[in-house]
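Sequence annotations record features per position, and here TrEMBL assigns domain 'Phorbol-ester/DAG-type' to 13-63. Per TrEMBL, the feature domain 'PH' maps to 83-202. Residues annotated as domain 'CNH' in TrEMBL: 228-529. Residues annotated as region 'Disordered' in TrEMBL: 320-347, 565-604, 621-668. The compositional bias 'Basic and acidic residues' annotation in TrEMBL covers 575-587. According to TrEMBL, the domain 'CRIB' annotation covers 590-603. Residues or ranges marked as compositional bias 'Low complexity' in TrEMBL: 625-634, 645-668. According to TrEMBL, the compositional bias 'Basic residues' annotation covers 635-644.
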């Protein structure tokens, strides 16, 4: 009788499906948290093995996974900074501080970060999947310590031995730190937390993991300015000036002179953007949300009419960009791009700008596209795009294209021409069903090299190709619910209630968390924002530390070191008075002459030898003085010319800029005649040298 050989059945493969978890869940492969609001990971339908989407290829292929490989021990891989090292329950102060009491939270120490999760007061309730707070151990100011009685004056005496404090950076200048108090159940529990966190931080430092800091928060304005609390929008004009749009109107602030001025009418300014090359502010203002165009001269006190764009009542949002721009290169999405040019290249004329305005209509919307011109009206209508849905976000892309975001989707239109629109969520994309079912808001579309796009929705960010098909398995997962997003220097900034998370657009990697609370971006790039510190409003500048500063936050001392500006007290510039400022703000030492009454020019040619350089009289008094002085100003011998030129140069000293009212001229004639503008001296030297045959 033949023997029957029983063959072992082939191991089954996992059947992974994307899942959404309702409470914090760790990856069974790498032990890190599966962070996110939705679609955080995958679960095998057969054996229940749960892991990150990126980890499923590394999971043992045998289903079910052998018991000895099912759960990894907790711990962080010190070379990569991945894994969960510690977790437990603590209490943190309620909003309003320790005197209001404490509330219980679940804490996970994972990937060299502390994740704090709220817990419902219901008995046996699981922690929320939304992170309440993130504290990054890679932060340059991170530290953990016990507290003294003076640190927690409102805590009870029995609680103080059980309290420890975690410190991270907040705003510098003025050197504020973020302090998070935690109350353990017992003193021994507190000691375990302090020892564990201190040891982890020591390991982090010892292994020299890369510092991924991109942005640093710097205070621009504090709560001493009353209108700060109502700030809605803002823009950087130059190194020293910014404009803030508030519920009371538009304000221009000169940080160098500590001077502020109201600009235009006191209408609510919802959104604004400064187009540098056009010297034009685009604002959405008033109860009816009209778009208005404001020449930047208005900031200096000039009487300038705001140009109302007639058809824009009910504006939802707008976007400004070039009508024709080449596609982005890899360098534009790198983590540390080169500093931007301060002025456009002189040899290349940039293409005209377009203004795209989304306007709300009943159960629908329309987008009107204008060209920004140099005519009196400053705009010219190009075309209109009717939409059957409400537009939520606009992005001007390369090659004359416009991306319109709406609930659960994005579509690309050509600004000029009637080419077929491209829907950026293809019918074959598995995300289409999820997005349609969840009805998630569109926040931003970011163009990447090689025809790829990052579509930023309210619940996650997804990568697609130019036809809307999914281009990467990796999705951007937010730890907390976004209040707003922005994109700056190849980084996506996600603003939540308690912090700002920074993701590298090119890789989708979460690189930084800033612990500034309730921050709202005031401009398109997120570099200007309003935040709360101890429940008080501050205007903050999120500075890319790898680039030149857009705003001069610090001064330099005699040794060239940066020092914080002293606490500002702004003076209000009166209405109708013009701001006294140099012709060219890039050079405060030298200014070109603005009044040529002081000198008479003639030339070129031999006739210059017969000319006298005259100060034309401005008053009777100066006319009399000049008649007495004319004999000494006679231009004569060749040697005399040379001698006069050298005297002018020897006597030339840099003078502070003086701005005198016309009525003061007569009383200060002698001193004003001694001040010599550099341009005037150079002109004089050239004239004298020409007459002497030196050039």
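Cβ coordinates are placed from backbone N, Cα and C, and glycine is handled just like the others.
Note that TrEMBL annotation is computational and uncurated.
Computed over the domain 'CRIB' (590-603), the whole-number mean pLDDT of the model equals 44. When DSSP labels each residue, the domain 'Phorbol-ester/DAG-type' (13-63) comes out as 3 helix, 13 strand, 35 coil, counted as helix, strand and coil in that order. DSSP assignment over the domain 'PH' (83-202) gives 25 helix, 57 strand, 38 coil.
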